[in-house]
Every structure is written in structure tokens, then in C-alpha cells.
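Participant: Copied straight from TrEMBL:
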{"type": "TRANSMEM", "residues": "A:12-37", "note": "transmembrane segment"}
{"type": "TRANSMEM", "residues": "A:72-92", "note": "transmembrane segment"}
{"type": "TRANSMEM", "residues": "A:104-129", "note": "transmembrane segment"}
{"type": "TRANSMEM", "residues": "A:149-168", "note": "transmembrane segment"}
{"type": "TRANSMEM", "residues": "A:196-220", "note": "transmembrane segment"}
{"type": "TRANSMEM", "residues": "A:232-258", "note": "transmembrane segment"}
{"type": "TRANSMEM", "residues": "A:270-289", "note": "transmembrane segment"}
Amino acid sequence: MTMIFGVPLAVFMGQLLLGLINGAFYALLSLGLAVIFGLLKIVNFAHGAMYMLGAFATLLGMRYLGINYWAALFLAPLAVGLFGMVIERVLLRRIGHLDHLYGLLLTFGLALIFEGSLVNFFGVSGARYPTPELLQGGYQTGFMFLPKYRAWVLLAAVVVCFATWYMIERTRLGAYLRAGTENPALMQAFGVNVPLLVTLTYGFGVALAAFAGVLAAPLYPVSPTMGSNLLIVVFAVVVIGGMGSILGAIVTGLAMGLIEGLTKVYYPEAANTVIFLVMILVLLLRPAGLFGKEA
Amino acid sequence: MATTQTLTPSMKRERRASLRRNVFYLVLIAIGLVAPFVAYPVFLMKVLCFALFACAFNLLLGYAGLLSFGHAAFLATGGYVTGYLLASYPALTPELGMLIGTAAAVVLGAIFGALSIRRQGIYFAMVTLALAQLVFFFYIQAPFTGGEDGLHGVPRGHLLGIVDLRSNLAMYYFVFAVFLFGFALIQRTVHSPFGQVLKAIRENEPRAVSLGYNVDAYKLVAFILSAGLAGLAGSTKTVVFQLASLTDAHWHMSGEVILMTLLGGVGTLFGPVVGAGLVVSLQHLLAQSPLGNWVGPILGVIFVICVLSFRSGIVGEAMKMYRKNFK
């Protein structure tokens with residue numbers, strides 16, 4: 001059997017794939033955080049809760065409304081996105097003029113509310129969501145077994161990430177968004193409806209999180225606390241990459257997932273913490289982050 | 001020399017104000033001294049521990065403008081180190097155990113501080129949160145913390161080898177003394193030239209830099225002081241309740257201390273004390289009511305309300321009203 005540094009190739013590749021999938025989730029979530037931060041200057045602490053709501057919308061949609069996975073892939077982000085827009089309109093808008101730390105605190109409060117309420121109804125143990133029929137089973141490649149669903153998650157996440165990148169960097173709407181990030185007052189003066197843009201941006205950002213939640217539903221147990229622990233890792237990813245660059249967020253997310261996967265192969269005790277250690281290293285060597293410009 | 005004759009009216013006012021302040025402090029201390037005869041001492045000790053924790057946190061947020069989302073790490077470190085030492089070395093007196101626990105929090109604070117002040121604002125909050133999560137994972141796996149179970153049966157021992165702390169009343173007065181020490185230290189720091197520079201940094205960091213202050217050094221010292229006092233609070237808490245658990249290291253705890261400070265009043269000396277008293281009482285009351293499972297969401301709602309429309313907190317609003325009506 002082929003070995004890589006004393007580890008069987010199949011195990012090595014399997015962990016690498018798991019790492020990449022984690023990385024895809026990091027990328028989707030940090031991308032949403034970066035998009036929201038760009039325009040609202042708010043670090044959305046409710047992002048993990050939105051991811052969790054996406055997964056729950058999928059689970060409950062199937063249980064009570066008979067919505068299948070493929071429909072949920074569109075409906076759950078839509079529902080959560082609309083919910084996010086309401087939150088932006090009703091709550092976040094009121095504190096837009098304040099220190100941005102208040103945005104972090106407000107969304108933290110929201111995360112506590114969503115998470116804590118759902119814990120009361122569903123407990124913390126989590127429910128299973130079946131893998132859609134079309135994606136059951138897997139491919140036997142020469143060196144490893146590749147489950148179809150995992151391949152799909154990776155593909156879907158990467159496609160959505162790059163579609164987002166394309167939209168922001170190459171389309172007219174994206175140009176508005178980038179201009180709004182630079183100077184919202186001037187945009188408003190040019191006749192662009194900036195408040196609407198802000199609402200849509202927040203909705204879009206949390207919809208990305210919800211999309212990640214739908215992808216995660218068949219992979220991980222769907223539980224109210226699934227988002228918060230993930231979010232803290234994503235914060236570290238964001239510190240590593242810096243929130244200034246869309247592509248930076250995607251690349252850093254995937255890379256951190258890979259590093260985590262590799263650590264699981266060679267030193268499993270540190271798998272939980274390796275991303276935080278990378279963050280410390282980055283803070284020491286390049287305090288502004290890999291892709292960041294210090295404001 | 002008859003100095004009283006040369007006093008200007010403004011100096012007289014200042015004197016009267018300082019007299020009033022001293023009387024106010026004395027009254028509060030008196031209340032603290034009789035409190036254990038009115039209320040349950042263990043509950044009061046819990047309030048005092050969290051009040052000290054919140055005051056330490058407020059030193060950083062209220063006076064240096066740094067929002068740490070990782071203060072649970074210091075509370076837990078103080079608690080675990082003290083708990084481990086007292087449980088493993090019965091000869092060790094509690095105050096020594098607490099001293100070492102606090103020292104451990106100071107060391108951790110120096111590391112956290114040196115790393116996190118390299119980034120500002122929102123990033124500072126995220127860095128501290130991530131570092132505290134690292135510490136949390138460390139405590140789950142470390143052999144001396146008891147993992148998910150935590151440390152139990154930490155002996156309270158004899159203070160200085162003399163006073164038996166198994167009596168709740170003796171324990172209370174010790175905790176009260178520790179709290180007064182921490183509070184006095186914070187009060188002195190805030191009103192010292194050092195505290196003035198911290199406030200200047202909070203208000204306008206680039207200007208403080210251009211005036212020649214070594215801003216990073218000031219921030220770091222403030223961070224270490226805050227971490228040390230948070231560690232002291234954790235150490236004290238462990239001795240009181242005779243246990244140390246992962247709850248103290250969880251990010252929920254970092255959020256709770258923010259809420260206490262915000263609710264009571266950020267940047268006021270007494271705000272965190274009031275906030276801690278309220279949050280601990282609320283948790284206590286809710287735990288016994290049918291709403292026991294809803295503590296988290298209720299705290300979340302208070303958070304949202306505070307941020308939306310109550311940003312000065314209770315003490316802050318009260319001081320605003322006092323100034324408007326009596327001055």
C-alpha cells in the first residue's frame with residue numbers, strides 16, 4: 001500500500017477530502033461575513049445562527065412541508081435571507097451610526113436568542129437528515145472511496161463562492177457594492193438607493209450562510225449549537241485572511257480546511273486548535289492578515 | 001498656616017464633592033458588611049465574584065475602549081490553577097493558591113494582550129474570542145482540569161493557616177475584602193495619570209500616538225491588569241464554590257460579562273457591580289421558575305434592548321439624570 005509520511009494513502013486522501021469540505025464551509029461563511037462587513041462594517045455574530053437556521057429550515061421543511069433537498073437548496077437560503085433583511089431593517093439599521101462594536105454585540109444577542117430558543121424545542125443532541133437519493137453511494141477511485149454527497153458539497157460550495165466573487169468583482173451590481181464599501185455617502189448622492197443595497201447585502205450574506213447550512217444538513221447532526229462553534233473558527237479564518245478581499249476569504253477558508261485535515265492525519269490532538277495557532281502565527285508575522293490592508 | 005481661609009469656592013465645592021464620595025463609599029462598605037445577615041452569603045459571594053470579574057472587564061472596555069470577547073479564559077485560568085493547586089497540595093493555604101492562580105491569569109493576559117493589540121476594533125474582539133476558544137480546547141484535553149467533569153471538592157482551607165473558611169460568614173468577609181481590593185485597584189487606576197492616558201487612547205488613538213505616548217504599552221498594561229483581576233475573580237470563585245468547570249471557559253461566559261457591564265453601564269465604576277448583581281439575580285430567579293430553560297434567550301433579549309436603547313446602562317442613565325436635575 002502506498003504510504004505518505006507513514007500514513008496509508010487512502011487515509012491521507014480521506015482526511016484531506018474531509019478537510020477540504022470543512023474548508024468549503026469556512027469559505028462560504030467567511031465570504032458572507034466579508035460581504036456584510038464590507039458594506040455594513042458589522043461583524044455578524046449571528047452568522048453561525050443563520051447557518052444553523054438554514055439547516056433547520058431544511059430539516060423542518062422536509063418533516064412538515066414535504067420540501068425535498070433540492071427545493072430546500074433554494075428555499076432555505078431565500079427564507080433565511082428574507083428573515084435577515086427584516087432583522088437589518090428593524091434592528092441593525094437603528095445602530096448604523098454607532099461604533100461598529102455595537103453591531104457585534106447586537107448580533108451576539110440575536111445569536112443567543114435563536115440558539116437558546118431552538119435548544120428548548122429540539123435539544124442539543126441534533127437530528128439526522130437523510131442524504132438525497134441521487135447523491136447516495138460513492139465512487140471507487142484508484143486510491144480512495146469518494147462519497148457522492150461529499151463531492152457534491154465541495155462542488156456546490158466552490159461554484160457558489162466563485163459565482164459570488166464574479167458577481168461582486170465583475171457585474172454592475174457588484175460595482176455598486178464595492179463603491180458602497182468605499183464611500184456610501186457619495187453613492188447616495190449619485191442616486192443609488194444605499195439603504196436598499198445595505199438590506200440586500202445583509203440578506204445575501206446570511207443567505208450564503210443558510211446555503212452552507214443546507215449543504216451541512218446531511219453531513220452533520222442538525223442541532224441548535226451547530227453554528228456557534230463553527231463561527232468562532234470562521235472568525236479565526238477571517239482574522240487570518242483579512243476581510244478586505246473576497247477571493248482572499250475563499251482561498252483562506254479552503255486552505256485552513258486543508259491544514260486542519262492534514263493535522264488530523266499527523267497530530268489529531270491539535271486538529272481542533274490548529275487554525276487558532278495559525279492565527280497566532282499570522283498575527284505575529286503579518287498582523288494585517290494575509291490579504292488584509294490595515295485600516 | 002490657616003489654609004482654610006485661602007480656599008477658593010471651586011476648591012470648596014471639590015472638597016464637598018470628595019467628602020460626599022467618601023461618605024457614599026463608607027455607606028456601601030457598611031451595607032456590604034451587614035449584607036450576609038440579611039441575604040444568603042453564598043449568593044452574595046457569587047455576586048461579588050462576578051462583580052469583580054465585570055469590573056476587570058470594564059477596565060478594558062470602559063476605559064481603554066478595547067472589547068475583549070475572551071475574558072472567560074482568564075476567569076477559568078484563575079479558577080483551574082487555584083483549584084488544582086488547592087486540591088493537590090493540602091498544605092497550601094487558600095490565599096497562596098489564589099495568588100498563583102491570579103499570576104497564571106496575568107501571564108496568560110500578557111500573551112493574549114501582546115497578540116491581540118496587534119489588531120484593532122472589531123478584529124481585536126475576534127482575536128480575543130479565538131484565543132479564548134483555543135484555551136477552552138486546551139482545558140478540555142488538559143489532564144489537570146478533569147475535562148468535561150471539571151474539578152470538584154476543592155478544599156476551602158484555612159486563610160493564612162488560621163481562619164477556617166468552611167464557615168460561610170468567614171468566607172464572605174474574605175471575598176468581600178478581595179472584592180474591595182480589586183475595586184480599589186481599579187478605582188485608583190482609572191483616576192491615575194495612567195487612566196487618563198487610557199481614556200485619551202479610547203477617545204482618539206492617533207492623537208495619543210502623535211502626542212508621543214507608547215499606545216501599545218498602555219494597552220498591554222491595561223490588558224494584563226484586567227486579565228489578572230479577572231483571574232483573581234476566578235480564583236476566588238473556585239475557593240467559594242469548591243469547584244472549577246468548563247462553563248467558566250466557554251465563550252458564553254465571555255458574553256455574559258459583556259452583558260453585565262453593558263447593562264450596568266460601560267465606563268462607570270459601579271455599573272459592572274450593578275450589572276453583575278442583576279444578571280446573577282436574574283439567573284438565580286429564572287433557574288427556580290418555569291422559565292429556567294429560557295435563561296439564554298432572555299439574556300439575548302436584554303442584550304438587544306441594551307444595545308438598541310439603553311447604551312449608557314443603569315448607572316450611566318442614573319448619572320445622566322442626576323446631572324440634569326441636581327446640577
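Any Cβ shown, glycine's included, is placed from N, Cα and C.
TrEMBL entries are annotated by machine, without manual review.
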Participant: Give me the stretch from A:72-92, A:104-129, A:149-168, A:270-289 with the greatest number of Cβ pairs under 8 Å to the transmembrane segment (A:196-220).
Facilitator: A:72-92
Participant: Among A:72-92, A:104-129, A:149-168, A:232-258, A:270-289, point out the range having the most Cβ pairs under 8 angstroms from the transmembrane segment (A:12-37).
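Facilitator: Against the transmembrane segment (A:12-37), the leading stretch is A:232-258.
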Participant: Between the stretches A:72-92, A:104-129, A:232-258, A:270-289, which one has more Cβ pairs under 8 Å with the transmembrane segment (A:149-168) than any other?
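Facilitator: Selected stretch: A:232-258, with the most Cβ pairs under 8 Å.
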